[in-house]
Amino acid sequence: MKKNWKKAFSTVALSTVLLTSQAGFVGAEANPDWKLNSEVESIMKIELNGPTFLKGKLTDQIVTNEADIRKFFKVNENLFKFNPDTKLKFTSAETDELGITHYSYQPQIQNIRIDQSRILVHVNKDGEIIAINGEFHPNAPDKIKQTKDISKKDAKQVAWDYINIDREKANNTVELLNDEEFESLKESTELVIYHENGAYLLTYHVQLQFAYPSPGNWDIWVNAENGEIIEAENNVHEVMGTGVGVLGDTKSINTYENKNSYILYDTTKPMNGAISTFDIRNQTSNLPGEYVADRDNVFDDERQRAAVDAHYYAGEVFDYYYDTFGRVSYDNQGSDIISTVHYGNSFYNAIWNGNQMLYGDGDGITYTDFSSADDVVGHELTHAVIDSTADFGYQGQTGALNESFADVFGYFVDNEDWLLGEDLFVKGGAIRSFSDPTQLGQPDHMDDYVSNGGAHTNSGIPNKAAYITINAIGQAKAEQVYYRALTIYLTPNSDFAYARQSLIQAAEDLYGTSVADEVRVAWDNVGVYE
């Protein structure tokens, strides 16, 4: 439905932006052929200096080139409230598959562009102006204060100081699989006019893009007169990629786009940091290594597979702790989760080193890459949780509890069977069994406790107690009981008896005496009493 032009303007109150009254057509009277038609199909209600959209056959004249559009703006100068000769810079014209040509203009003041602004004029294949939209800036001044007390170089340094990142550390490269490289650091500084709430300021628009020490895509506006930060935003571009894991399965993974390449860097989680994955190229120093990068966002190369699994499963474990307990990263502070694959030569282990995850490649005969098992990733990241909660030591029964609680939460992440690490074995096998620890060389009762056994040996006893508990009360309750005990009651020197009592108390807190009694029975069955 068409609207009367005069009525439309009074209805949407655009007097401050475009038209005050019919008397505004001073230019139109001088050259009526290019005047704005009195009817349009729609007008979007706008605020002062905000975007405008005009739609319809806006003039009866036919556009044959860009000069004709300037005639249109000039004739209707009092309507649009800017002089196209000084306030508009033509930038491009492109014709789409529908035959519509889109003319693009950059608003400016004294030949300095008004940042984050553009005016588009759309002309159909018959030469009719069918739409105009963009940021018109009708009340922008003709001149602006051009005091520049800081240089471009100074503005760039102000920006680096603001984000608190050492430029030299950010100036690195990321190697791709074929030894190709893409530049990690991109910088640009441009003198522009920043506008907000009717104010127009001379500023430097500084853009900083880098991959190290963590990806950033910063837009920072620095006042050219005094060096103050006017606005800053980090526009990290998260995208969804795909990857093939060690076992040949295809996974959807969260990645980050950097200059038409992609790295394993996930900022989609509700955390302060991010989940990032690196390749150390079979070294053991200079951690965390190099970002794993790909040109087409399909991580399917053989060498990328361990990284795909590490990245995907780290996200899965984050989601488990967040969705089940509301825990934000391993420390509940939203810290970065960092994984490094291809650690060492034929290293058959996975490690939480107090700061990040390290995954070996296995030996290729018995073990495959240690990032390929989600319960193992869950186990190792639970060590990080333990460090931030009970903070178990690693000797005697305390060390066995350290391993057992990591095993138990590894099971909660991957509860398809009662084995831990079965996906690591080339020809079948497992690291530990919950249902029958003795199958894999562990005791399942205090009668068989190994006095000088390591943490990985005697953990079979609390693992068997966990198996009995989960079967008795179900995982939904058991995981809450174990989490509460770990985060509320257990301490760095806890032994088996202390763990028993902590779990009983946690069960009673949450579910009452009947569930607490089931926990008590489970520990009685492995010979751990009060």
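Positions of Cβ are set from backbone N, Cα and C atoms, glycine also.
Glu380 (active site) falls within a helix when secondary structure is assigned with DSSP. Here TrEMBL flags Glu380 as active site.
The annotation active site, proton donor is assigned in TrEMBL to His456. In sequence order, Glu403, Arg432, Gln442 make up the list of same-chain residues 6 or more apart from His456 (active site, proton donor) whose Cβ falls under 8 Å from its Cβ.
If you look up TrEMBL, you'll see 87-136 marked as domain 'FTP'. Mean model confidence for the domain 'FTP' (87-136) is a pLDDT of 93.
Summarising the annotation, TrEMBL assigns domain 'Peptidase M4' to 241-386.
Sequence annotations record features per position, and here TrEMBL assigns domain 'Peptidase M4 C-terminal' to 390-528.
Taken from TrEMBL, the feature signal peptide covers 1-23.
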| query | Quick one: DSSP breakdown of the domain 'Peptidase M4' (241-386) into helix, strand and coil? | reply | 37 helix, 41 strand, 68 coil
| said: Based on DSSP, tally up the residues of the domain 'FTP' (87-136) by helix, strand and coil. | reply: 1 helix, 32 strand, 17 coil
